[in-house]
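Quick notes on the structure that follows.
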Amino acid sequence: MATPIPVQILDGGMGTTLEDMHDITFSFETPLWSSHLLVSGEEDKLSDCHEAFKQAGANIISTATYQISINGFAATKAPKSGILDVEREGIDKEEIPRFLSRAVVLAANAAGTEGKVALSLGPYGATMIPSTEYSGRYDPEHQDVQALEKWHKERLDLFKDVDPKQVNYIAFETVPRLDEIVAIRNLLSADHIPTCLRGRPVWISSPYPNDNGKLPDGSTVEEVVKAVLTHREGLETPWGIGINCTKVEKLDFLVKQYEDAIQTYIKNGEQMAWPSLVLYPDGTNGEVYNTATKTWELSPGHKQPEAPWETVLANVVEAARQRGKWKSIVVGGCCKASPEHIRRLRRTLQDYGHMSTSPAA
């Protein structure tokens with residue numbers, strides 16, 4: 001009998017949970033999104049959010065760093081707080097690392113000794129105003145691999161002071177463009193990763209907001225799989241490949257496409273091995289995010305789902321486990337996925353009777 005594929009539970013949507021459950025309001029004036037709480041003196045709400053996901057059953061906690069950027073800190077108006085001695089009109093690059101180290105500490109405190117921490121890194125588009133990770137439309141200065149590689153390298157360098165004992169995974173999330181995936185792969189070497197983060201398992205996940213089964217830039221699943229997983233001399237191959245910020249009902253079809261692509265590449269002699277699968281869809285009920293108004297709106301022709309979110313997601317996970325291809329599975333939620341979503345997801349997975357939550361790395 002084959003060894004069961006281990007499953008770990010990731011947390012949910014931090015930004016939307018802070019808005020919906022912790023009375024936080026984000027706008028164009030808070031370009032750091034959830035990271036803004038690191039500079040506004042509201043760390044307690046971040047801690048409460050992390051803790052709520054941990055109590056709901058998540059054993060991987062994501063850091064509040066998804067939308068951080070040098071420009072975002074420079075554009076942030078920060079009041080005098082516990083970590084700032086005076087009110088600031090913008091935060092200099094040299095000051096940023098201490099905030100990021102603090103973000104990791106808060107996530108690690110919630111994860112505890114048995115949990116794990118994923119360093120959350122969004123795409124370049126997540127730092128634009130309005131954000132463009134759902135469209136992949138970037139400004140003229142970030143339209144090729146070289147420019148995107150430089151940007152990601154500069155941001156990675158900001159994490160140079162992080163405690164290496166407190167980061168277990170590096171998560172490049174919601175990457176909407178093939179050239180950006182290639183840029184991230186180019187950085188996965190000892191020369192580019194800060195010393196404190198070297199050797200950490202990396203996953204790269206992408207969104208599928210459209211109905212054509214392609215990335216926002218039009219790239220196919222086959223192209224994504226090849227860019228993420230093909231062995232490249234001198235570069236680390238990501239530990240995991242994933243899908244996030246995507247409607248849950250699309251996952252079954254997409255996961256099968258990923259499996260078919262990997263199997264075909266391996267059969268054809270490509271230097272590729274089965275990775276871990278990371279799935280964290282939106283916790284929405286037909287709503288679509290409007291990047292201009294920063295609100296969630298029901299899409300035209302919305303229909304009620306046939307089954308609860310957690311049931312659909314658990315069924316995708318269980319089907320993937322039964323097919324037996326993946327090294328391990330990480331599953332959680334993205335935007336609008338609350339601690340209650342994660343609690344129901346864990347309970348549903350446990351109802352299968354043989355879910356393993358042992359470490360997947």
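From the backbone N, Cα and C atoms, a Cβ is placed for every residue, glycine too.
Listed in TrEMBL:
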- 1-349: domain 'Hcy-binding' (DOMAIN)
- CYS245, CYS334, CYS335: Zn(2+) binding site (BINDING)
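Summarised as a single figure, the pLDDT of the domain 'Hcy-binding' (1-349) averages 92. Other than the site residues CYS245, CYS334, CYS335, same-chain residues with C-beta atoms no more than 8 angstroms from the centre of those residues' C-beta atoms, the Zn(2+) site, are GLY13, THR174, PRO207, ASN244, THR246, TYR280, PRO281, ASP282, GLY283, GLY333, LYS336, ALA337. Most buried of the binding-site residues CYS334, CYS335, judged by other Cβ atoms within 10 Å, is CYS334. Listed in sequence order, GLU133, TYR134, GLU173, THR174, PRO207, PRO209, PRO281, ASP282, CYS334, CYS335 are the same-chain residues six or more apart from CYS245 (Zn(2+) binding site) with CB atoms under 8 A from its CB.
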